[in-house]
Structure formats: structure tokens, C-alpha cells
């Protein structure tokens, strides 16, 4: 019954979150450990077989999942453990029917035959493509350097970066210190459930260190193990609290063995209560300040302490929605794909799904190329408008110039972009600069020109020359240029979003009107 109820939850999880693969592999890993430690039982056999069969059937009903549960390498561990369960049950049956000598001979023969058959079938299916290989994201979990060296689109996603120590404390605070305490108590009193919690905690801790997005996987087990730790600590010290005794002899004996036991217990309980209260306040503050602020409406403090609102994103999307044809195609970096689709209701080339590496690479090639080469790519992709994010005027550091090197890396990661080399965008000393000492390739690429078009005439700070970039802290090196293949369509109030229209073939070369 519990297995059936779990499968209903898993089906919902499969339909909403790709991270379900973690639990799909964690449960068979738990069953495998129970086998190795001699804890496997008929109860576990029935539960896992129910979970695997129902889970596989239900997840295959989801259209975009399809046959992945029986064809992809990420799901093969669950299938393999399911097969081991059948073998284990069959071996237990034979053991009950045969004597020790007969069982040993038959066991060795059957295991050798079945093992060889499974390995052969697995190899054949892998070679013929019936079982798809692991994706780059899963390779990155086992080898953190894999994505950086082979698939830059994965490494470019901020959620795929390694987690810093400060992030652990910022997100989890007290739980960081109580987590190992809970692990200790679980190891001291092992059971099937505690083994699962231990495995969940250890594996999720490793994976969360590889990718910061997997903090979502770590958080539940951190709460469970920390709760166990807090409960055991409080239980231990509460037992030492002194109770009123009428027997003076007993009280005297107690005082001589541990004279300040009551004071120590009371102090530890008060300290733990204090930490729990501060954890509550910390969690409330983090939730309200760090994780509840909309990223689409930005704010900052002015020199007089007043709050300044930057609503450029909504301004730009509103303009796109009401001033462009409904069939217009917008080219931007993938970070803004979902926002443009939802708020501007316009077709975009790439979005936050990032599954189409080739398409994203093509956009990166256009951004990193000269106007002439970029125009060919934009005509190939049937682009109507190009949108870029620029923070040089306001000091917004998460703009496209700071992301540009990832566009270069991703653009050069496919065959059509082999001519794009990252070192061409650096100075001879290996620096990424936007001033006069910057690389000529950088200063003449499409991204640079779209961000800095007309910026050379703008004063951004007192006692600074026009064209001073407040993010890079430099005066731009290429000021006096005109766009040949694009025309400026719209720039928001604070220059955060700039939109350009792709010229038709007949209009190329004409000066901007």
C-alpha cells in the first residue's frame, strides 16, 4: 500500500522535475545495500517490486518521458536492482529446497550464466543504441570538470556551479552543524529506515557540492537528520535534569557523583533553544529578503538612501508585445527566453530549457561574430529582433557583456563554430577588456556593438569621460561606429534592455534614421 501511494507522488514528480532521477536511483541503491548487509527480506522484495513496476508504467504515460525509464542509462540501476531482487528471491527458494552442497554447485553455475548473459545483453544494447548513454549533466555529477572541459552550455548555467561553503550556511544555518550529529545517532542504531536516511544524506551532500541547484535535494534530509540530532541531544540532557527528591541520602549520593548535572543540563537546553530560535529568525529573513524578491523588477539605493526601482525588463517586454508583429522572432541569450515568451508573447530562438545545444551555439556564434557574419546567421534563423541586456549605465553586473565569454565558448563548441576561439577575445596579456586595449575581435563583434551603440556619447558618472562603463570600470574603446545590419528599435529608460530590428536585405548599408 505504501509503495502504491509513493508511486502516485513519484508520477507527479516525474512530470514536474527532472531531478526525479536522483530518487529513482537512490531507492535501488538502498535495496542493494540491504542485500549486501544481509537485511534484505520478503517485505523489501514486495515493496521494491511494487514501486519499480508501478513507477515505470506510470512514468511512461507522461508524453515527454516516453520510454526513457527502460531505455536511458540513468534508469538502468533501478532495472538492474529489480533483476537482482528476482535472482535473490530465486536463490532463497533454491536454498530452502536443496542441501548445502547441491545449492553451492547450482548457485555458482547459475550466477555465472546469468551474469554473463546480462553483461552481453547490456553491451549489445549500448552498442546498438537501444540504451542511450548518460547525458552530460549526469557525467558532470560524477566528474565535476567534465562539463567545463566538454559541454560549456552546462557549465554556463549558474545553478550548475559548485556550491560554496557560505551558501551552505546561508541556506541551512544551524542544520549544517546538527547534520553530522544526526548521522552519528543513525549509525549508532541502524535499521532499514536509518540506512536509507544515511545514504540519502551522504549522496545528496556530495551532489549538492557539485551543483548548487541540488541544494533542493539536500534540504529535506538535512531537516530530517538535524531533527534527529536535536531530538537526541535534548533527550540526553533532559534525562539529567534534577527532580525534587525527599530522600536526602539519594540526593547526597547524586551530588557527589555529578554535583552540577542539573546546571549543565539546563544550560545546554537553553543554548539549544536559543539556536533554534535564531534559526527560525534566520530562515524567515532569508526567505523574505533573498528568495522572495522578484528578479524582473530590480531595486537599488540612491545616494540619499532612497530606493530606486529599475523596471526596464517589463518595459521592454511590454514594448515587444505591443509594437512588433505577432509572428516576430526574437533572438536573445537563453537566460531571458521564458520571460520573453511569457511576458512579451513572442517567439524566441532559445530558452532556459537549454536542451538544444546546437541552436544555442548558433546564437552564440551570431553574438560573437562580426556584423556581416552575424547577419548571415540571423537570416538563416529568420530573426526579426535582437534583444540584449546592458548594465554599463546603471552598474548592473549580470548583463550580456559579463556573460559574453560563455557565448564564445558555447558558440565555438560545435562544428559550425570551430572558427570562434576564446583566446581571440582576450588581450595579448590574457585580459578581457572593453577599453582601447581590448581585443579588436571583441571591439568589433555584434554583442559589443549592440551594447555600446551610442553609449560613447553618454556621461555615466561625474568626472568621468563619456562612454564610461560602470560595471567594467573602463571607458569603452570603440565609440564612433554605426550599425550596418541592425537598427535600434527601442532602449529602456535605464538602458538595461536594448532591442534592435534586423534590417531587410534592401535596407542594409543605409544610415540609421
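The backbone N, Cα and C atoms fix where each Cβ goes, glycine too.
Those TrEMBL annotations? Automatic predictions, nothing curated.
Computed from a predicted structure; not experimentally measured.
Of the given residue ranges 218-238, 302-322, TrEMBL assigns the label transmembrane segment to 218-238.
From the options 128-147, 148-167, 168-187, the stretch TrEMBL describes as transmembrane segment is 168-187. It is 20-38, from the ranges 20-38, 324-342, that TrEMBL records as transmembrane segment.
Long-range neighbours of the transmembrane segment (76-94) within the same chain, counting only residues 6 or more positions beyond its ends whose Cβ lies under 8 Å from a Cβ of the stretch, are 24-25, 27-29, 31-32, 35, 40, 42, 45, 48-49, 52, 56, 69-70, 103, 106-107, 110-111, 114, 118, 122, 131.
Using a cut-off of 8 Å between Cβ atoms, the transmembrane segment (218-238) and the transmembrane segment (168-187) share at least three residue pairs, counting only pairs 6 or more apart in sequence. Contact between the transmembrane segment (168-187) and the transmembrane segment (20-38) is not supported, since fewer than 3 Cβ pairs fall under 8 Å when only residues 6 or more apart in sequence are counted. The transmembrane segment (45-64) makes contact with the transmembrane segment (20-38): 3 or more of their CB pairs lie within 8 A, with pairs spaced 6 or more apart in sequence.
Confidence for the domain 'STT3/PglB/AglB core' (329-386), expressed as mean pLDDT, is 92. Using a Cβ-Cβ cut-off under 8 Å and counting only residues 6 or more beyond its ends in the same chain, the transmembrane segment (20-38) has close neighbours at 10, 13-14, 44, 48, 51-52, 55, 69, 74-75, 77-78, 80-82, 84-85, 88, 138, 192, 195-196, 199-200, 203-204, 207, 214, 217.
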